[in-house]
Amino acid sequence: MVQAMAARTQPFILVLIHLVLSTAPSVESATFTFINKCSYAVWPGILSNAGTPQPSMTGFALQSGESNALPVPATWSGRMWGRTLCSQDPATGKFKCLTGDCGSGTLECSGAGAIPPATLAEFTLDGAGGLDFYDVSLVDGYNLPMLVVPQNGHGGNCTATGCAADLNNPCPAELMVSGDGGHSVACNSACNAFGDPRYCCSGAYGTPDTCKPTTYSEFFKKACPRAYSYAYDDGTSTFTCASADYTITFCPSLSTSLKTEGDQDPVAADVDGSPISAVIHSSAAHRTRSLSGVPTALAVLAAAWQLWRLH
Ligand SMILES: *[C@@H]1O[C@H](CO)[C@@H](O)[C@H](O)[C@H]1NC(C)=O
């Protein structure tokens, strides 16, 4: 009787083991940890690329000094940005932001993207060659300093990227977006401001050979050498990494704006420098990629084993 039971249960356990091994990789996840080092509140927005389901959160509030972790599937792709100067309209109840607004009328962006200008962090996780591709882009303009730092990743050119500089104050007047008090709250890209094919890399300028940097794109590139400054800025602006988690820090360096007038390259120093690493390492919020399905699967296996022993 016991032997007959065992003979019947063993294939069942084999099937279970097979299930565990074949499903484990699909539950592997990456974690994005948002850190707000700005002196003001930031409302991150998250949008998945077409064909990728939206993550569990697509928008939330992050007060000054706060951080929040968002797990996404290992193959996730999409973009993230920070909304600023947000409030709920007392009359309509609609949530609205002065910069980076996604137009959803609510805290969650729920499939809506940032209305330019906005600093964007773009990700394709587990893309070509199993590598994550990521960048920070100013192609749609700039609204706040943002830094992306891979954690515990390897391979590729797995380093910090972003734009630590404050570009709202030094923004060229014709690109400047002003708030209620007349002060600069964001900086348009020349494409958004003028719609010229030369700036947008469209029409006759729709190839890397015909679309070249302009004085406007060079304003962004000079301040933020690692960020995209126009559409074909790939070579110096795309980074790769395998099996990493990422921290996304708004206003990585509060003193950056004071240094942008300096004689050496303040932004590169900020991206590599120790003040930022100190910030990153003190944020215990990040964790390594986890096979979150394995503990559950092991529990199921253990239960099956006990069931088998009882017979
Ligand atoms: C990083 O590596 C990718 C893939 O090899 C390459 O296309 C890109 O130019 C590199 N980025 C930088 C900033 O060197």
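Here, residue 1 is simply the first one shown, and the rest follow in order.
Quick reminder: no glycine exception, Cβ is built from N, Cα and C everywhere.
Feature annotation from TrEMBL assigns signal peptide to 1-29. If you look up TrEMBL, you'll see C38-C251, C86-C97, C102-C109, C158-C241, C163-C224, C171-C187, C191-C200, C201-C211 marked as disulfide bond.
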Spatial neighbours of C251 (disulfide bond), counting only the disulfide-bonded residues C109, C191, C201, C224 and Cα distances within 10 Å: none
Nearest of the disulfide-bonded residues (C97, C211, C224) to C171 (disulfide bond), judged by Cα-Cα distance: C224
Rounded Cα-Cα span from C163 (disulfide bond) to C38 (disulfide bond), Å: 14
Separation of alpha carbons, C158 (disulfide bond) and C97 (disulfide bond) (Å): 33
C102 (disulfide bond) and C187 (disulfide bond), Cα-Cα, nearest whole angstrom: 17
C241 (disulfide bond) versus C86 (disulfide bond) - Cα distance in angstrom: 33
Rounded Cα-Cα span from C224 (disulfide bond) to C102 (disulfide bond), Å: 25
Cβ packing number for C187 (disulfide bond), 10 Å threshold: 28
Count of other CB atoms lying within 10 Å of the CB belonging to C109 (disulfide bond): 25
Separation of alpha carbons, C163 (disulfide bond) and C241 (disulfide bond) (Å): 19
Assigned conformation of C187 (disulfide bond) - DSSP reduced to three states: strand
All-chain count of other Cβ atoms within 10 Å of C97 (disulfide bond): 22
Residue pair C200 (disulfide bond), C211 (disulfide bond) - Cα distance, angstrom, rounded: 8
Euclidean distance between Cα atoms of C211 (disulfide bond) and C191 (disulfide bond), Å: 12
Tertiary neighbours of C158 (disulfide bond) (same chain, Cβ under 8 Å, six or more apart): P150, F239, T240, C241, A242, A244
